[in-house]
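A quick write-up on the structure given underneath.
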Amino acid sequence: MAGLAAAENGIPGTPDDHYTKPRTVRTISLHRPSHYVNEDPSGILFNRHFNKGTAFSIDEREHLHLTGLLPGKTESIELQVRRCYRQFRNFQSPMAKYIYLSSLRERSDTLFYNLVLQNLKETLPIIYTPTVGQACLEFGLNYRAAEGMYFDRDLRGRIREALDNWKPNMLDEVSIIVVTDGSRILGLGDLGTCGMGIPIGKLSLYVAAAGFHPATTLPVVIDTGTNNEALLKDDFYLGCRHERLANEEYYPLVDEFLMACVNKWPNVLIQFEDFSNDHAFDLLEKYRHKILCFNDDIQGTGAVIAAGFLNAMKLCKLPIASHRIVFLGAGAAGIGVADQICALLKLKHDIPVEQARKMFYMVDSKGLITATRGDNLASFKKPYARHDITDSVKDLLDVVKKVLPTGIIGLSGQANAFNDEIIDQMCQITERPIIFPLSNPTKNSECTAEQAFRISQSKCIFASGSPFPPVTVGETVFHPSQGNNMYIFPGLGFGAWLCRSKEVSDGMIAVAAASLADQVSQDELDRGQIYPPLENIRDISAKIATAVIEQAFAEGHARIQRPKDILTTVQKNMYQPSYLDYQPAVSLDGRIRLGSADVRDMHSPIDEAEINTQGNHHLGRQRLAGGA
Ligand SMILES: NC(=O)C1=CN([C@@H]2O[C@H](COP(=O)(O)OP(=O)(O)OC[C@H]3O[C@@H](n4cnc5c(N)ncnc54)[C@H](O)[C@@H]3O)[C@@H](O)[C@H]2O)C=CC1
Ligand SMILES: CC(=O)C(=O)O
Ligand SMILES: [Mg+2]
């Protein structure tokens, strides 16, 4: 078995040069429906990437053997989307809407992404936080169709072989993988295999927000067990029924998975998502310079909140050095955010990192982190341990009273931790307090938008991890900003992947954050908005991707020929959810295949030679003699 042999080469012990050997730039084409229709043309109705449903023209129905399988009327995509929207609205509960959208995505990703992109405000809270959190909690109960891949210890030595089973897209190419081990899903804790909802949700955003092609995305759970007693006893739980693996088994399993992926798909970008902090930092450190990867909770969140923080500081109108920021939560996200604020202050204001760090007061479940606290401080917290405070301060209100912060940032997963008294205290310290309750989903948020705007009499500068509805104070309506990594990871990932970067460097992340911060207009800032409107997410992502590619070139990480106009190249390579125009044709080998007048290739971005090679596929455009 070739796959097995490859996997055996891929398990730990393989020399490191596996990672560093040059990866070829490959061309991906979507002209493969031909393979599919040769087997059974009418099967196209059940393929999410090619299905057009009632939009198949009469000619197409004829040639694809669909005649009689659909109602007589050929519909436009606009009408189909209108129908889907009505159906979506007819579902009352967020979970029912989630299930509806999942089934729509299974039927047609073109329709799904049209609906999502045209109704971002309504659909994002369903496919993403907060509803995706509930979807994870109910994953076993609501499980319907296979989606994504699962790897557990029984697959040790065979992961490469299992990856070869991933053929639902018929492209044999994966551009992006979002992988979790389910150990820290949002603020909901260890959900084991039920965490699959998160990679699925994140990848929907990669497609909608940045334009990765949906057929080249792969959601993954590495099932390393769960310590969630309730799940282990739940009949509907779909994961392995054992406690979480010890490190001796855990790391080799993850390592084999990563090596098998880069071995099979040399250009793939791998995003680590929702790994608990006992592994998240170590995994990132181990792989960040070896493969194209990043950790969204540490680095993506860091970049987003750093951007929002930079804009919030403009609104505060205080000297930068006078800020004191208390973090509730010093885990993956908390430390990631502090690190990225430091990086951005260095980039934009040339403030040394050591100096910037002094702005932060980190609080974890044991209280304020000080150098004298005495517990075994995790290495990732050490740079932020306070040396100037020696007494132990456990309670957040006491920390606030002691430190007199200008801002509080919540990344603790602790609902209501920013209570009325704390917000009130913040308002007494400073004119415009920065209040960022960033934990997800909504029910874990450290406070609500209503609370923050009401108590601060609308003076606070606010951002939350999950969306809150507008808040009316007196005559004024405030639109709470959403400080969520979804603003960064799509553009960061797309840029890094498109230029075939060797790695996702610190510099690339810092410019992504700077680009996001710079995309807020003065007018938006004046209205208290610290992020650009989410409706513009495609433009936002394109600009972020452009900045990331520029930086990748500057650092020598990019492995494509430099395009003349990077922004245009990015935009041209973004997937647009539109139907293909299937025309019957004859290929060189005489078999019926589908040509396409309007296929958007996921080609290697700038390599003209390869794009021309793609043109060969268009041979299939010649019409069949006597065809319709
Ligand atoms: N808005 C966004 O884009 C993002 C939000 N998050 C949210 O941040 C939260 C934390 O995520 P991670 O940092 O990855 O988790 P983590 O488990 O690495 O860190 C949690 C931190 O909170 C602290 N903590 C827990 N209970 C506490 C208490 N009662 N008082 C004080 N501190 C307490 C822990 O000691 C730890 O330092 C989650 O709710 C997650 O949804 C995470 C990533 C992105
Ligand atoms: C948004 C996100 O990545 C989280 O809450 O973990
Ligand atoms: Mg996350």
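Each residue, glycine too, has its Cβ placed from N, Cα and C.
Note that the structure is a prediction, hence the values are computed from the model and not measured.
Annotation source TrEMBL lists active site, proton donor at Y128. Of all the Cβ atoms in the protein chains shown, 24 others lie within 10 Å of the Cβ of Y128 (active site, proton donor).
Look at TrEMBL and you will find K202 tagged as active site, proton acceptor. Within 10 Å of the C-beta of K202 (active site, proton acceptor) we count 27 further C-beta atoms, all protein chains included.
Around the Cβ of N484 ((S)-malate binding site), 26 further Cβ atoms fall within 10 Å across all displayed protein chains. Per TrEMBL, the feature (S)-malate binding site maps to R184, N440, N484.
Annotated divalent metal cation binding site per TrEMBL: E273, D274, D297, in sequence order. Other Cβ atoms within 10 Å of the Cβ of D274 (divalent metal cation binding site), summed over all protein chains shown, number 25.
Residues annotated as domain 'Malic enzyme NAD-binding' in TrEMBL: 298-553.
The region 'Disordered' feature in TrEMBL is assigned to 1-21.
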> Near E273 (divalent metal cation binding site), which residues of its own chain have a C-beta under 8 A away, given they sit six or more steps off in sequence?
Replying inline: V178, V179, T180, I198, P199, K202, N295, D296, D297
> Taking the Cβ of N440 ((S)-malate binding site) as reference, which residues of that chain separated by at least 6 in sequence fall under 8 Å from it?
Replying inline: T129, P130, G133, L186, G187, G465, S466, N484
> If you draw a 10 Å sphere on the Cβ of D297 (divalent metal cation binding site), how many other Cβ atoms land inside?
Replying inline: 29
>> Within its own chain, what residues at least 6 apart in sequence put their Cβ under 8 Å from the Cβ of R184 ((S)-malate binding site), listed in sequence order?
In response: D190, D274, F275, S276, N277, A280, D297, A332
> Using an 8 Å cut-off from the Cβ centroid of E273, D274, D297, can you name the remaining same-chain residues around the divalent metal cation site, in sequence order?
Replying inline: T180, R184, I185, I198, F272, F275, A280, N295, D296, A332
